[in-house]
Amino acid sequence: MQAPAQVQMKGGTERKKRPSAAKTKYSFIKVMKRSLKSLQKNSYSNVGTGAKLSGNSLGFISTDNSYRTKLFKIVYSQPTEYILAFTICTHLVVLTLLASEAIFILGFFKGPDSYLKNFYNMLDFIIMLSSWIFLILEGFGLEEPFRLGSLRALRLILCLRHLRGVSSLIAVMQTIGESLPLLVSVIDFTLMFGFFYALMGVSLFGGSYRRRCAIPKTALEQDPFIQGITNTSALGNIYITDPPELCGNAITDSGGSAKGFECPSGIGGLQHVCGDDFRNPNFGFTNFDDFGSTLLTLFQCLTLENWDDIMFDTVDSEYKWSSVYYLTFVIIGSYFLLSTFVAAFSHVFLRLRKEHQAMAELARRKRMQKFVAAGNVSTMGLALLNAVRGRSKSTVGDGKSGNLNEHVEPPWFCWPVIKCCSILVNQEEKSEAEELMISSGVRVAEEKMERNRESFFVKVMKTQKNIKRLNRFANVCILVNILILMAYTNDMSWKASHQLAQIFFLIIFWVETLLRMHLRYPWTTYFTDMGKYGQLNIFDFLLITLSTAGVLTGAIPNLTMLRFFRLFIDSEKTSKLASKLLGAVKSMVILFIFFFIVLGFYSIMGMQIFSGHFNFDNGEDKPRDNFDTYGNAVLTMFGVATSEKWVNVMWDGMRSSRLAILSPMYFIPYFVFENFIVLNLIVAVILETLEFEEAEKKAKQEDLAITMTRYIMQQVSDEKTRRRQSVAGAGKRKRHESLARGSMFVRGSRKHQVGKFQMIVSGNVINYERLAGDEDQWSTLKSMQQLINYPFLVYISDRKDLMKSGHGADMELNHEDEDDKDKDKGKGHNHPGRASIRTLMVNPEWQEQQPQRWMGIEIVPCKTYELPTWMDDNTLGYFDMTHPVRQYLLEMLQSKWYSTLSLIMILVSIIVVFVEKPVGRENDFESFINLANFAVAAFFIFEMAFKSIAQGVLFTPFPYFLSWWNVLDFGILLIDVLAMFEYEGDKEKFVRVFLCLRPLRLFNRIAGLRELAVYLGRTFKMIMLLFGLATLIFLMFSMIAVRYFGGKFSYCNDATVYGRVDCVGNFIDGSGILKPRSWILPEHNFDWVGKGVLTLFEIATLDEWLEVMYASQDISGTDRQPIMNKSSTNAVFFVLFICIGSMFTVRAFIGVFIDQFALASGSKLLTEKQKTFRDLHRIVEYMKPLKDIKRPEGENFFAKLRRFSYDVIHSKRFGKTIVIIIMMNCAFLASQHADQSEEWFNTLNMVDFLFVMVYLCEVAIKLLGTGFIGFSKSSWNIFEATLVSMSMLTLFPEKESFRLQAGRPFRFLRIFRIVRYVNSLKKILNRIAVTLPSLIQIIMLQMIFIIIYSGIATQVFADVKYGLHMNRKVNFETFTNSFLILFHSMTGEGWRMVMNDLKLSAPDCTEDYNGQTDCGNPFGSTAFFVTYIILCTYILTNLFVATILDYVSFGILKSNTLLSDEHMDLYQKLWVQYDREGEGYLKLHRVGEFMERLGTPIVPKNMHEKRKWRLWWQILAIHEEGCGVPFRHFLELLLIERLGHNALTYDVNADRKMEVEQATLIGAATSIQTQWRAYVTSKNFALKRMTMSM
C-alpha cells in the first residue's frame, strides 16, 4: 500500500514534492476569497426591484442550493425585466385592442346595449385609460398617484360565474346593483335633509372650534417662575392650556366669556383667556367653517362615530342648547332616515332576490328537462321532476313498470338527476320519488331500517321513550361539561382534576356517539340521515374528534362546548327557530364572502394609495391602522367596516402626502356600502328566512278565526244549556241594570294576555283557557285587523270602552240558528267603524239599537246582566250603578279634560325628576319640588278614590286592581306618598331612585304607548331565548379566549421592563416624574369566563373593540411585558368573533325581534295582497277631494292678468324653473364660510334680496291665478308664503344681530320647497307623514326609559371621582349631563369607557369620608349599562326599523305592485272633474262614466256581467241620499274589488261576504222595484195615452 504523501510516478520519475504549509494556506485563502466573491455576486442583484439571497427559503432551502441560485439569476436579471416590460406593454395593447373592437361592435355610450352601459366594460375602460395615463407620467419621471389595475380582479369573478358558489356571489352583486337605482328618491331625500343641517351648521357654528383657553404672553412675562426658567422675550403671543379646552366668546374688554365654557382664572397665578386664532380639532378637519367641512363632520355624526365628542366641543364653544342640534340630527338622520334607507333597501333587495331565485329555479328545471330528454329515461326523469315539484303520482303516466324485484342499473347520466332529487326534496318526497323510479325500472338502493338479527339491547334502546332518555342524558352531560369548562382559569390550582374531568366527559360523548351509530343500520346513516338530529351528527363527530386530540396533545382547546347547539335543536320551543336560523347560514356565508371580497379589493386599493404615507414628520408614532402590508390593510379596512375609528383612518389619509380629497372619496363610499348596505342585508336575510309562506299565512288566519268562532259558539251554547237547566240556582244571582247595555264581559286576564281567564255571560262565570298555546290568538287577530282598519266586531274591550254607553262590547251572544227566531227583520248586518260597506249606517244611534254579526254569530244588545253571588255591582258596598256620584265619576274619568289634567300632573312629576339634584347637594328648586310632590301625590290619591267609587276595588265586574296598569299606578302612588316625608342618607337616595319611575304612568294614559308595551311584552319570551343563545355563543368564545389569553393582558406601567418580576421599584416617566412601577390588569381581559363574556359583549357592541384586538396582538407571554405585534395572528380570533358574535348573532337578535314584533302586532300574518290593501288604505285615509280652481274669466285687464297667471302656474316649465331657482339659492347659501369678508357678506345679502323678490313674485302670481281662497287651501302655498314673509322681515341684517339669527331658519327651509315639484320626493314625504305617529310613540317610549335611567344615574353615580373618560363634560352631576351621556351611550358610543370609570374602587378613591364616598360600584355600573344597552340599543331602537319596514317600502317597486299611490293620485285628479267644489260626493248617475274614464288598473277590465251588477249593488249600499257616493268609501270599494277578496283577512272576508249578500239582496230588490215601477209607469202612461186618444 502506497503512502499517501509519496506517490510513485509512471516511468520511474521522481516523487512529487509536497507543498509547504504556507503555500497551502495561501491557496486555500485565495480559493475562499474567489468563492465568497462569486457567492456575493450570485446572491445580490440591483435589477428591477432589487433582491438579496440570504437565509433559508421556506425554512429549509439554504443559499447553497443550486436550483435556488439558478432561479435567482433568472428572475433578477435584465432580460427578465425586458420580458416583464414587454408583457406590460403587450397587456395594455391587448386590452386596448379588445376595448376598441368592443366599442366598434357595440357602440361607445349611445344606445341601451352600448359598451359603457355594462359595468365590467366600464371598469376595463377606466383601468385601461388610467394605465396609459400612468405609463405616460412615468415616462416623464412623474410619480403615479395610485393604480387601478387591481380592480380587474372583479373580472375574474365574471369568468367563473358558472361555478355554483361564484354564481351566488354574482347574483348578490346584481341584486344590489339593481336595488340601488330604485332607492334614488330615498337617497335624494336624505341628501336634502343633510343639506339643510349643513347650512344650519355653517351659520351657527362657523369658526367656533378655533377658540381655546390660552395664556397670553404678557401674563407669562410677569410670572417670576417663568422668568426664572426661560427667556420670556422668545415666547410667542399666546399658549394653549394643557389639556386644550374649547371656550365661548373670544377675548373681550372685560376678559370674560358670554357663552360656552368660561376659561378658569387664577390657576397657577396665570390668567387664562379665550383666544380665537387656533387650529380646528382633529388636525383641522373637524369644523363648521365651510360647507364641505360641515358635510364631512355631519356624515361622521350620521355614522355615530365620536359624534358625542363633537357635541360636547360645540357645547363648550357655544350655548348648551346647541346639543339639541345634534340630538335632533341623530334622531332624524341615524334613527329615522337611515332606518328608512335600510328598510327600503332590504325590502327591495329581498323582492329582487326572490325574482332571481325564481328565474334560476326555472332555468335549472329547463336544463334538467333537456338533460333527461337527452337520455332514454324519460319516464324516470319525469318521475324525478314531478317528485321535486311536489306533483302527485297520477301525473307521471301509466308506463309499464315490469318486475319490481328486477333491478336495472341506471345510466351514468342519470345520477346527477338522482343527486338533485336527494338534495332538493325532503325525506317523504325522496321516498316517493324512489318508488316512482323503481316503478320505472331503475335500480335504487333501499335503506333497510331494521337488521335481520337485532339484539335485545338494540330493540330496547330503539324505542322512542329510551331515545328521548338518551337525548336528555346527553343534554345534561353537555350542560355539566359547559359548567366544567367555564370553571377554568389561568391560575387555577386543580388543573389536573380539570383535565381528568374533560377526559371523563369526552369518554361519555364517545360512548354516546358510538351508541347512536350502533342503533343505526347501516351505521353510515348516522352521517347521512336528514332527520331532526342527523344534521348535527357530523358536526358532533368532528367536535368530539378534534376535542379529544386537543385535550390529549394540548394543541387546540376543548371544543365540546359547541355542542350547545343540540340543546336548542332538541328543545320543542326553540327547535323551529334554531332550524330557521341555521337555514339562513348558507345565505349568511355568501354575504360574508361578498363582504370580504369587497374588503380585499379595497385593501389592495388602499395599499396602492396610502402605502408608506402614514409616516408623519411631527415625531408621532406611525398609527397601527396603516396600509404598509396587506395584513395591516385588511385589518384597517375591517375596522372601518365596523365603524370603529374609521374617521381617524380617514384623517390620517388626509394628512398623508397624497391629495387630501382622495381620502374621503375612498373611505366614505366603502363605509356606506359595507356598513349601511351589506351588513344590514343580514337582517333582511334573517327576516326572509323567518317569513311565512302565503299559504301558511292564510291557514293561520283561518285557524285564528275558526278557533274564536268555535269558542264563542261553545260558550253561548253552554250558557243556553245553563239557562234551561239552572232553575234553582237562578235565585242566587242578582239582576242589575246595565249602564253599558250589555251582559258579556271578562274577568281575570285582559284581552292582550295569554292563559286562563273568566268570561261572564248573563251572570254565568265561564272559565276558559285559550286554545292557541303560547300565542294570543284573539289579540293577534285583532291587531292584524287593525292594520287593515277593519275593527274586530267580537272582542273584549278595555274597561273604559265597556263603560261607554252604547259603544262597548258588553253584548249578549246568540247563535244564529233556527231556534232563535226573534230577530229584527229590518236589521242590516254591518260593522261599526267600517268605511267600505256602510249599509243603513246613517247615524251612530243605530249602533246602540241594531244587533251585529260576526262569523255567523249575532250580538244582540240587552239592558240587564246577572252576577254570581260572590260578586257585587255596588262599589265600596254603597254606590250602585244608578247612583249619581258614581255616574258622574264614570263620565269624568272618561272625559277629555280629565285626561288632559292627568297628563299635566304626570308632566309636573317628570319635571321634578329633571330638576332634582343628588342627595346632599343644595337645590334652588327645593320649594317647587316639595310643592309639586305634594300636589302630585294628592291628585293621584283622589284619582284612585274616584276609580274605586266608579269601578270598585275588588269583587266587582271591573275592579280597580283588575288592570295591571292600575296596579303599576298604585305602586308609584305609594312612592309618591313616601316622598312627602323627609329622610336622610341612603334612605333619601332610595326614595329618589324610585321616584324616577314616575314616567311609567304614561302607559295607562296613552293608548299607543300601552299597545307598544303589550307588543314588547309578547316578544319577551323569544327575546329571553335569543339572549340565552347569544350568551352561550359568548361563553363559547370566552372559554376559548380564557385558554389562549388568560393572564396575558396585564402590563407594567414602565415599558422598559421585561415582565412582572422586574416590575418593582420606581421609574421616571416620559414627563420626568418619578413614579412607582405597578403591574396593571386592564378592564378588558380574559382571566376568567365571566370577565371574558363581559369583554366580548363590549366587543360585540363595536365600542372601542380595536383596543382589545391590538392588546392581544402585543401579547408576549404570561406575566410578560407586551411587545408590539408580537402575536399578530391573534387578530384572527377577534375578526372571527366580530363576524359571528356581532355581525351574525347581534343582527340575528335584531332580525328575530323585528319578526316577533311583527307577529305580535299582526302584520306578519298579512299576505302580500293584504299588505297592499293595508298600505293603500293608509294612503286613502289621508286623501281628500281636491277643489278645482277654474280659469279666470273676463275681458278687463285684471281678469287677463289673472288668466295669464293661471296659465303660468299650470304650465310644465313653471315647476322646473322654480326648482332651478331654489337650487341656485341654496348654492349661494352654501357659499358662506367662517372667514368671509364684509364685501362677500353684503353680496350674499343682496343676492338673498333678489331671490326673495323672485319668491314674492311667485306668491303673487299664485294669488292672482288661484285667488285667495284657492291659495289658502294649499298647505304648500301657506308654507311658501310664510317663508317669503319672514324672509322679507329679516332682509339686510347686520353681523351677529338678532335679525340675522331669526331669519336663518326661514332661509334654509327653502330647500324643502323642492319636494312640492318632485313627485318621488313628495311620495317619500307622504310615507313619512303616515309613519310619523307611530315613530313619535316609539320616541316617547325611548324617552321614558332614558329619563328613568338618567334620574337613577344622577342619584347613584353623581359623586364618583373623575377618571380617564369622565371629566367636567362627561359626568352624572346633573340630570342634563346624565341624559346626554345615556343618549350617546344608546348610540353605542363611549359607554364602555364611562362604565369602566364608574367601577373605581379603593385605593384609587376614598371609600368613606364623613359618610360620603367618591368610589363607584363595579357590579352596579355593569348591570346598569348592560341592561340599558340591551333595552335601548338592541330593542327599542330597532322598533324604528320594525315600524318603517311596513310603511315606507310600499310603492318603491312600481312594476311589481298591482296598485300604487300613483294610481291613487290618478283617482284624485279624475274626481276633481266630477266634483268641482271638492265636496267629496259623486252623483249616482255619473258613476258609470267615472269608472269608464278611470279604467285599469283600479277598475278591472272586461268584468263579467254578474260582477258588474254585484259592484253596482255595493255602490248603492254606500250611496247616501241627497249627497251621492262618498269619495273615500267608493275608492276603498274599488280597491277591494280590484285586489279581490283575498286582500282581506279570513274573518273580515267572511263578514264582507255576508254584507255583499245583503247588499245584493237589497240591490236586487231595488232593481226589481225599479223595473216594476218603470213597467207600471209605462203601462199607466200607455193607458193614459189611449184614454186621451179615445
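In case you wondered, yes, glycine gets a Cβ from its N, Cα and C as well.
The structure displayed is predicted, hence computed values, not measured ones.
If you look up TrEMBL, you'll see 1-21 (among others) marked as region 'Disordered'.
Sequence annotations record features per position, and here TrEMBL assigns domain 'Ion transport' to 91-354 (among others).
Positions annotated as transmembrane segment by TrEMBL: 121-141 (among others).
Annotated transmembrane segment per TrEMBL: 153-173 (among others), in sequence order.
Look at TrEMBL and you will find 180-200 (among others) tagged as transmembrane segment. Taking Cβ pairs closer than 8 Å, the transmembrane segment (180-200) reaches residues 291, 294-295, 298-299, 302, 325, 329, 332-333, 337-338, 340-341, 344-345, 348, 1226, 1229-1230, 1304-1305, 1307-1309, 1311-1312, 1314-1315, 1318, 1320-1321, 1323-1325, 1448, 1452-1453 in its own chain, all 6 or more past its ends.
Annotation source TrEMBL lists Ca(2+) binding site at GLU305, GLU644, ASP1103. Listed in sequence order, GLU644, GLY1388, GLU1389, GLY1390, TRP1391, ARG1392 are the same-chain residues six or more apart from ASP1103 (Ca(2+) binding site) with CB atoms under 8 A from its CB.
Positions annotated as transmembrane segment by TrEMBL: 324-350 (among others).
As annotated by TrEMBL, transmembrane segment applies to 470-488 (among others). Within its own chain, the transmembrane segment (470-488) is flanked in space by residues 461, 498, 501-502, 505, 508-509, 512, 515-516, 533, 558, 560-561, 563-564, 566-567, 570, 1032, 1035, 1039, 1042-1043, 1089, which lie at least six positions past its ends and keep a Cβ under 8 Å from the stretch.
According to TrEMBL, the feature domain 'Ion transport' maps to 473-695 (among others).
Using a Cβ-Cβ cut-off under 8 Å and counting only residues 6 or more beyond its ends in the same chain, the transmembrane segment (538-560) has close neighbours at 478, 481, 485, 499, 502-503, 505-506, 509-510, 513, 527, 566, 1039-1040, 1043-1044. TrEMBL lists 538-560 (among others) with the feature transmembrane segment.
Residues or ranges marked as transmembrane segment by TrEMBL: 667-690 (among others).
Sequence annotations record features per position, and here TrEMBL assigns region 'Disordered' to 807-835 (among others).
Sequence annotations record features per position, and here TrEMBL assigns domain 'Ion transport' to 896-1159 (among others).
Per TrEMBL, transmembrane segment is recorded for 897-915 (among others).
Feature annotation from TrEMBL assigns transmembrane segment to 958-981 (among others).
Long-range contacts of the transmembrane segment (1022-1042) within its own chain (CB-CB distance under 8 A, at least 6 residues past either end) are made by residues 482, 485-486, 488-490, 557, 561-562, 564, 567-568, 573-574, 577-578, 1086-1089, 1092-1093, 1095-1097, 1100, 1133, 1137, 1140-1141, 1145-1146, 1148-1149, 1152-1153, 1156, 1430, 1435. For 1022-1042 (among others), the entry in TrEMBL reads transmembrane segment.
Across the domain 'Ion transport' (91-354), mean pLDDT in this model comes to 75. Apart from GLU305, GLU644, ASP1103, the Ca(2+) site neighbourhood in this chain, defined by C-beta within 8 angstroms of the site C-beta centre, holds LEU304, ASN306, THR642, SER643, LYS645, TRP646, LEU1102, GLU1104, TRP1105, GLY1388, GLU1389. Only sequence-distant pairs (6 or more apart) were considered; of these, fewer than three Cβ pairs between the transmembrane segment (667-690) and the transmembrane segment (897-915) are under 8 A, so the stretches are not in contact. Most Cβ pairs within less than 8 Å of the transmembrane segment (324-350), among stretches 897-915, 1214-1234, 1425-1448, belong to 1425-1448. Nonlocal intrachain contacts for the transmembrane segment (1214-1234), taken as residues 6+ away from its ends with a CB within less than 8 angstroms of a stretch CB, comprise 195, 198-199, 202-203, 206-207, 210, 287-291, 1208, 1240-1241, 1244, 1247-1248, 1251, 1254, 1258, 1307-1308, 1310-1311, 1313-1314, 1316-1318.
Taking the Cβ of GLU305 (Ca(2+) binding site) as reference, residues of its chain lying under 8 Å away and at least six apart in sequence are, in sequence order, SER643, GLU644, LYS645, TRP646, VAL647, GLU1389. Just so you know, the Cβ of GLU644 (Ca(2+) binding site) picks up 23 other Cβ atoms within 10 Å once every protein chain is counted.
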